[in-house]
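For reference, the structure is listed below as structure tokens.
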Amino acid sequence: MPAIVLIGAQWGDEGKGKATDLLGGRVQWVVRYQGGNNAGHTVVLPTGENFALHLIPSGVLTPGVTNVIGNGVVIDPGVLLNELRGLQDRGVDTAKLLISADAHLLMPYHIAIDKVTERYMGSKKIGTTGRGIGPCYQDKIARIGIRVADVLDPEQLTHKVEAACEFKNQVLVKIYNRKALDPAQVVDALLEQAEGFKHRIADTRLLLNAALEAGETVLLEGSQGTLLDVDHGTYPYVTSSNPTAGGAAVGSGIGPTRIGTVLGILKAYTTRVGSGPFPTELFDEHGEYLSKTGREFGVTTGRRRRCGWFDAVIARYAARVNGITDYFLTKLDVLSSLESVPVCVGYEIDGRRTRDMPMTQRDLCRAKPVYEELPGWWEDISGAREFDDLPAKARDYVLRLEQLAGAPVSCIGVGPGREQTIVRRDVLQDRP
């Protein structure tokens, strides 16, 4: 059976955790394929319990599902162990969590360099989370990174860490005037942490492909969003990995022909965290309303998210670069009680109108949104479970977004709970 990729179609924080949780009871595997603990998924169970996950796939909250941290993820061992402990303390069974032997480990020098670099950059900083994600991916590309499997060979691990620290300490001490790290202490701390997770290390590529051959369903769960992709996002204000659908194959070891459905998660308005262009950003009472009503604060950083109206240019772009087959529209309920809801249908750049994503960041920074005004609705829609339960104006809003976004809206979120979802098309049953 083909795999399903679940991706964020904006700048992240679209509600991917809710979508994974909704589908989790009907799949056998959930795989996190990129990123690190620089992003978070919030899942609200039918019991009302709220879980914030940063490294572990959202499927861990569904009994019987095997969860995988794939080779494309960078793992902070301390964060992993704390997250596992937090889940276990709340009665969650984590026995079926596996970790790819080829995932990279985030080391103390990655965090140190990330933090001092951001401070050094000052007003020109990217706005990272300061968790060492970028420096860890830099080492991966430079072929000097530490992989999960290295903890199984202490001698090899020691050689690698000593070589890395020799260079990293030069940077920390001579450029940033910080203290040098002791490689022996780094190794000892890592080996101690590894005792808590090394029994989970596996050849996950082999297991995932065997599962697909056996007819099992694999859900590939991305973090962040399309516009934060290092290749396809608003560079340089991006993450250091590929949250797009193409990254799912690379970060899991599943071939692209194994993927049959790409489910894009799309918020009914737009948000982003950190620096970078944001054409529909609001600085008035409407932005304040979206922030407060949508509870737009980062799961990982706690930072307030920037808020703006829905941007169809971005949605079409996401559909194009990901090959999105279906959209899951989230937080439609947040728009209730607005008299009208503007939707960005295009940009104006130096007097020229376009419906497409600008080729350069310079043009995107100068883009002015061209709005189409849609009528709002006042009804509380949080109890709607069928599309026809929605007020006519809310249905019209969804249908207009569907026309503009480049793919059908198959699911609609009308609240944070798993059950607060309208399913127009079953993306698991009605599949290629």
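The backbone N, Cα and C atoms fix where each Cβ goes, glycine too.
What Swiss-Prot records for Asp13 is active site, proton acceptor, and it gives sequence analysis as the kind of evidence. The Cβ neighbour count for Asp13 (active site, proton acceptor), using a 10 Å radius and every protein chain shown, is 29.
Taken from Swiss-Prot, the feature active site, proton donor covers His41, and the record attributes it to sequence analysis.
In the three-state DSSP classification, Gly40 (Mg(2+) binding site) falls within coil. The GTP binding site annotation in Swiss-Prot covers 12-18, 40-42, Arg305, 331-333, 413-415 and rests on sequence analysis.
Here Swiss-Prot flags Asp13, Gly40 as Mg(2+) binding site, drawing on sequence analysis.
As annotated by Swiss-Prot, IMP binding site applies to Asp13, Glu14, Gly15, Lys16, Asn38, Ala39, Gly40, His41, Thr129, Arg143, Gln224, Thr239, Arg303, with the evidence given as sequence analysis. Neighbour list (Arg303 (IMP binding site), Cβ cut-off 8 Å, at least 6 residues apart, same chain): Val273, Gly274, Phe297. Following the DSSP three-state reduction, the secondary structure of Arg303 (IMP binding site) is coil.
Per Swiss-Prot, the feature substrate binding site maps to Val299, Thr300, Thr301, Gly302, Arg303, Arg304, Arg305; the stated evidence is sequence analysis.
What Swiss-Prot lists as N-acetylproline is Pro2, and the listing cites a large-scale study or a structure entry. Reduced to three states, the DSSP call for Pro2 (N-acetylproline) is coil.
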Spatial neighbour of Gly12 (GTP binding site) that is closest, considering only the binding-site residues Asn38, Gly40, Gln224, Gly302, Arg304 and their CA atoms: Gln224
Spatial separation of Lys18 (GTP binding site) from Pro2 (N-acetylproline) - C-alpha basis, Å: 22
Candidates Arg304, Arg305: member of the binding-site residues with the richest Cβ shell (10 Å): Arg305
Length of the line joining the Cα atoms of Val414 (GTP binding site) and Gly40 (Mg(2+) binding site), in Å: 20
